[in-house]
Amino acid sequence: MIATGKIIQIIGAVVDVEFDQNSVPKIYNALEVKNKKIQLILEVQQQLGAGIVRTIAMGSTNGLKRGLIVIDLGHYIKVPVGQATLGRIINVLGKTIDNKGPLKNLDNSKLEYWEIHRSAPSYQEQASSQEILETGIKVIDLICPFSKGGKVGLFGGAGVGKTVNMMELIRNIAIEHSGYSVFTGVGERTREGNDFYHEMKDSKVLDKVSLVYGQMNEPPGNRLRVAFTGLTIAEKFRDEGRDVLLFIDNIYRYTLAGTEVSALLGRMPSAVGYQPTLAEEMGLLQERITSTKEGSITSVQAVYVPADDLTDPSPATTFAHLDSTVTLSRQIAALGIYPAIDPLNSTSRQLDPYIVGDEHYDTARGVQSILQRYQELKDIIAILGMDELSQEDKILVSRARKIQRFLSQPFFVAEVFTGFPGKYVSLKDNIRAFKGIIGGEFDNLPEQAFYMVGTIEEVIKKAKLL
């Protein structure tokens with residue numbers, strides 16, 4: 001029998017509903033407001049006793065009033081999964097928001113629905129891989145390589161290029177990699193979502209991407225759950241035996257939505273005002289993003305860093321779950337070097353001679369040691385000038401500046417801004433070029449020739465024109 005209740009209190013996105021004491025809904029159950037004018041789903045967060053449950057609205061509570069009838073659907077929020085979602089934009093509840101009509105399977109078979117709250121795969125079901133996933137972005141492939149089935153975080157403050165880097169990764173991997181991708185926009189700008197849709201359409205990869213959006217203007221409950229909707233779609237593809245790419249932009253907004261919900265529910269805040277359940281909420285999401293014996297989920301997550309402070313509880317909690325961290329630096333962006341990835345602050349578990357091989361490992365560490373030494377010499381250069389350096393250090397500084405410029409790269413998705421055609425650089429060419437710079441093969445070339453190019457052949461060609 002369907003349990004019905006009525007709304008007794010509305011405070012913003014929090015709605016209290018009273019049920020009969022013998023039919024109180026379970027935690028996380030979906031409730032539906034029965035009204036012709038209002039289509040609203042609520043999710044149970046707390047049982048307050050005396051048959052009253054406290055819920056969070058998944059949409060706007062405008063027009064709600066006390067006394068409205070609410071139905072317990074008897075299950076968690078369910079969303080459509082499978083190939084019907086490819087090339088479409090859906091919201092947290094699985095409803096289409098791209099004005100292209102309802103979702104349907106190509107063979108007109110019945111849509112499959114999965115609940116968004118699911119258990120993470122057991123230890124026995126999980127599988128790990130050490131296969132490297134080539135991205136075509138020089139600095140990433142060299143310094144912080146991605147693994148197939150791994151988790152990657154793009155860390156950066158406001159406006160240093162997290163979304164552009166993510167769009168380039170999707171474009172490169174989705175074109176080179178034949179599998180499916182799921183893009184989940186959590187609390188980001190609607191304009192970015194629109195740009196992204198058109199970018200995928202122009203790159204002709206839209207039919208391989210499922211888009212799930214919960215933008216900045218949505219209520220906190222919606223932004224808190226939209227990541228689970230995207231993840232559930234990715235899990236379905238993985239369980240069909242596919243290798244899936246899951247992109248989440250932005251994990252910080254997921255944390256922030258949790259903070260808002262926590263405050264609305266009256267919980268005592270912890271450090272810096274975050275929710276006391278921050279680590280648990282992050283774990284609930286991250287533990288499900290994993291590879292099994294059936295298929296893999298490789299995830300790339302943008303992480304906004306408040307005030308460029310990597311020790312803030314939100315990015316700090318995310319660090320623990322990642323295999324590779326790509327750190328974007330405002331100082332590098334200020335030099336006009338894009339992508340503004342900091343090679344000294346970015347790390348990867350895959351950068352191990354047993355996984356990537358000795359040549360790759362030695363080249364990456366050689367690049368880092370030269371850049372580190374250049375960093376140390378910067379103060380001396382600023383105070384005393386280049387003339388006070390030893391001959392050895394002068395050569396090192398020259399190579400470091402070439403490396404720094406050669407780590408820049410024109411992106412396909414940023415062609416309209418940079419005016420340079422995008423470049424995809426293979427790992428083999430990448431290692432060969434940096435090995436040559438470290439070894440002094442290109443000491444005679446001017447450093448300007450290394451800026452905004454792809455391969456070392458382009459540098460040589462550009463140097464002849466200078």
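Using N, Cα and C of the backbone, Cβ positions are placed for all residues, glycine too.
Annotation source Swiss-Prot lists ATP binding site at GLY156, GLY157, ALA158, GLY159, VAL160, GLY161, LYS162, THR163, citing sequence analysis.
Same-chain residues that are not part of GLY156, GLY157, ALA158, GLY159, VAL160, GLY161, LYS162, THR163 yet have a Cβ within 8 Å of the Cβ center of the ATP site turn out to be TYR304, LEU328.
Neighbour counts of Cβ atoms within 10 Å were compared for the binding-site residues ALA158, VAL160, and the top value is held by VAL160. For GLY157 (ATP binding site), the same-chain residues that are 6 or more apart in sequence and have a Cβ closer than 8 Å to its Cβ are TYR304, VAL305, PRO306, ALA307, ASP308, LEU328, ARG330. Following the DSSP three-state reduction, the secondary structure of THR163 (ATP binding site) is helix.
Long-range C-beta contacts of LYS162 (ATP binding site), restricted to its own chain and to partners at least six residues apart, with a cutoff below 8 Å, comprise LEU154, PHE155, GLY156, ASP249, ASN250, ALA302, VAL303, TYR304, LEU328.
Ranking the binding-site residues GLY156, GLY161 by how many other Cβ atoms lie within 10 angstroms of each Cβ puts GLY161 at the bottom. Under the DSSP three-state reduction, GLY157 (ATP binding site) is assigned to coil, being neither helix nor strand.
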